[in-house]
Amino acid sequence: MGLERGEEITPKMSKFRYNSPLIQVILIGFVCFCCPGMFNALSGMGGGGQVDHTAANNANTALYTTFAVFGILGGGIYNLLGPRLTLLAGCSTYVLYAGSFLSYNHHHSQSFVIVSGALLGVGAGLLWAGQGAIMTSYPTTNRKGTYISLFWSIFNMGGVIGGLIPFILNYNRGEAGSVNDGTYIGFMCFMGFGAILSLGILPPSEVIRDDGSVCTHIKYSNVATEVVEILKLFLNWKMLLIVPAAWGSNFFYTYQFNNVNGELFNLRTRGFNNVFYWGAQMLGSVGIGYLMDFSFQSRRKRGFLGILVVGLLGTAIWGGGLANQLRYSRNHVPEKLDFKDSGAAYAGPFLLYFSYGLLDAMFQSMVYWIIGALADDSETLSRYSGFYKGVQSAGAAVAWQIDVHSVSYLNQLIVNWVLTTVSYPLLLLLIIYGVKDESTNDRQFIEDKNDRLSSLT
């Protein structure tokens, strides 16, 4: 139960308690550092680190198909099982997926990889629904951007470390096609640790904000209620406005990972590039998080500014991508670039790939901030986050099959650019009609309450 007018003011509590929103968001950040962070590094090498992208593309299609279903169902499952069981079940599937590529190195059978991809889609749907609920509901209203950027920075540090694994272990194999066994074993160790770490996440009823209020008194739901509430999402105008942004927000990974990083650079350089791609994500999330929490007192104005900045930057980056793409095609690929030996020819494509990472974090952090501004309770936000991840994954499933069917690189780029561009005006409408500013009285109450809390510490 949150603090209401007339309630007794309790002394301000430390942000570094185990049951504080800060520590819990940091903890879920490290869970995602170990699991989806390492998965991102694996995917970022192009083809899952294999010279032939077919197995990885088909596995990713299976993954994102099941992810689309369980992303939408994940919010309901989270409300039924709570965070620990939901996250543990989700994290364990990442270990299996990395292990399937270790097996593929020796047996070259796609079946295990594809089945593991499908199971990972189930697990990822559970993990990201839980993560979305924690990240958007545990912080206070005026610090959601900060907590989202904190999570995104920790999570993407996994991609940075994950990029170093293939870079170091394959440094002397610049012309090799597939990564070695040690690379996959390293990923599996991190993912296994992430699964164990997920057991430390507290349910929302045990998380206490700094002012002494409980994040939410969630009463675990029942199956019938969750089925009805999930079906309602498809008629919810707020969720419908998010659909283009959700569909496009992972659609571009196939193009960026396979057809930019995987096509233009040799093996060790792909790992090197990924260190900076995910590092750029950390910078992007911090920058957009600051804008959307501190730029204006009005929450709606902060939302408008965030969309404007991401829209302008996105237009510039995709324009640079078009200039780069016109230099090569699926039937005319230039010689692979190496970060040490290619000199100035390497700089432009590297900067573009870095910028793609920057834009990805800014775009997704912006959308998560908007979702977090639509409600405050974890029960509702788990469903909203699950819907977002489900639609996002459906788009990704289509994108991986587009690449399997050899659609031209130029057409893939244009589709990606159009999808992200169409989403901006729709998100602006969502801010206008779905996000409300705090009233003057509410802000004054919060300021008075904080002043009284400060006098007690």
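Every residue gets a Cβ built from N, Cα and C, even glycine.
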For the feature transmembrane segment as recorded in TrEMBL, pick the matching range from 110-129, 390-409. 110-129
In TrEMBL, which of the ranges 239-255, 358-374 has the transmembrane segment annotation? 239-255
Within-chain partners of the transmembrane segment (275-292) [C-beta distance under 8 Å, separation at least 6 from its ends]: 37, 40-41, 44, 145-146, 148-150, 152-153, 156-160, 162-164, 167, 261, 302-303, 305-306, 309-310, 350, 353-362, 365-366, 369
Spatial neighbours of the transmembrane segment (21-42) far in sequence, C-beta under 8 Å, 6+ residues away: 15, 48-49, 87, 90-91, 94, 97-98, 101, 120, 124, 127-128, 130-131, 134-135, 138-140, 147, 150-151, 153-159, 161-163, 165-166, 187, 190-191, 193-195, 197-198, 200-202, 207, 209-210, 215, 274, 278
Beyond a gap of at least 6 residues from its ends, the CB atoms lying under 8 Å from the transmembrane segment (150-171) belong to 22, 25-26, 28-30, 32-38, 40-42, 44-45, 49, 131, 135, 179-180, 182-183, 186-187, 190, 267-268, 270-279, 281-282, 285-286, 289, 361, 364-365
Test the contact criterion for the transmembrane segment (183-202) and the transmembrane segment (87-104): 3 or more CB pairs under 8 Å, pairs 6 or more apart in sequence, then answer yes or no. yes
Checking 62-80, 87-104, 239-255, 414-435 against the transmembrane segment (110-129) for Cβ pairs under 8 Å, the most are found for 62-80
